[in-house]
Amino acid sequence: MAVVEVNLGKDSYNIHIGAGILSELGQLMRQFAFTAKALVVSDENVGAIYGAVVVETLRQAGFSPRLVCVKPGETAKAYETAMTLYTAAIEEGLDRRSPIVALGGGVVGDLAGFVAATYLRGVPFIQVPTSLLAQVDSSVGGKVAINHPLGKNLIGAFYQPQLVVIDTAVLATLPRRELYAGLAEVIKYGLIADRDFFHYINEKSNAILAMDNNVLTAIISRSCRIKADIVEQDARESALRMVLNFGHTIAHAIEAGTGFAQFNHGEAVAIGMRGAALVSHYMGIAEPEVVENVCGTIRRFHLPLSVAGCSAAKLHSYLLHDKKVIGGKINWILLRSVGEVQVHSDVPEQIVSRVLAEIT
Ligand code: ADP
Ligand code: ZN
């Protein structure tokens, strides 16, 4: 059991992490002055497994919850789905102090968070992330959004939850591929901020892959702490927060270049981190061992190192279309060593081409 405090002034909140704490959710929510009506948003996969436990713990704590399950997958992050959730909230009579609980992966968190941020100009938001990716990424940062047919996450807000509850035991039912994807972001935190943590992840790889609850609690709380330290200094996403984008410039190009079908986000980030390490090396910033360290760790957690079926040229054009590229300049987050990053906007074209050729 661990608690990570996210300090954002009046928007501060705690993240509770531990095995089996899903059934304590109701009790943990009683500390707030919420009214009894509550909306629990989940998807059909997660809702079928954990919906009943959550409804029960909320009932026992005096809430009257209504569970709404959306279709699994990115397509649920749509205006139409948000509308059905507003309708449920209105029909149930949720008021300004009624909580909306997100029970699911990143999709459910983004969608339910967006509805919580906008229904009645904002109602309390509780996050119960059930995928490793959502536990280590979306629990901190306050980014909520839905997609527009013309682009992902185009309609959204910064909206902080009042409480985050992470039960490591729910990862037992998460598809293995999704577990590995979450580990890509965990590896990222070690690389950008914490050399000891990076070594810990490698040392404990067997325990992690065997889902040891104590080790999972340790890596999730450390990841949340690292992200919180960065977000606390930069809540509105200016320069500092850029380091969280390590591996993501190439990852976004890979996701778009392969039609969002071949790789999930974490897999694209794994390849992107290898690419960023190679750029760091060719720029003369990082020793070759850094690249080997990155690749070895990615391999250890069953993540891919290269893209098949997308040419370097195609990747390059998507790279320049990234929304974070301003005036044709890419801000590269590069590694000096494990745990130490530098931002560079002057990476020569030849180095980028060489690296893209190497990862395709
Ligand atoms: P992500 O969390 O990776 O951003 P999703 O919200 O789409 O993306 O979740 C990934 C998939 O894993 C979805 O199909 C979701 O239903 C499923 N899922 C999430 N958490 C669990 C869990 N604990 N057990 C089983 N399936 C889960
Ligand atoms: Zn990411």
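Numbering starts at 1 and runs along the chain as displayed.
Placement of Cβ uses the backbone N, Cα and C atoms for every residue, glycine included.
In the record from TrEMBL, residues Glu185, His248 bind Zn(2+); the candidate from His199, His265 listed for the same site is His265. Taking Cβ-Cβ distances under 8 Å and a sequence separation of 6 or more, the neighbours of Lys152 (NAD(+) binding site) in its chain are Glu74, Lys77. On the backbone, the CA of Asp110 (NAD(+) binding site) and the CA of His265 (Zn(2+) binding site) stand 15 Å apart.
The helix, strand and coil residue counts that DSSP assigns across the domain '3-dehydroquinate synthase N-terminal' (68-179) are 50 helix, 32 strand, 30 coil. Neighbours of His248 (Zn(2+) binding site) among the binding-site residues Gly106, Val108, Ser131, defined as a Cα within 10 Å of its Cα, are absent: none qualifies. A straight line from the CA of Glu185 (Zn(2+) binding site) to the CA of Gly106 (NAD(+) binding site) spans 13 Å. In this structure the alpha carbons, written CA, of Val108 (NAD(+) binding site) and His265 (Zn(2+) binding site) are 16 Å apart.
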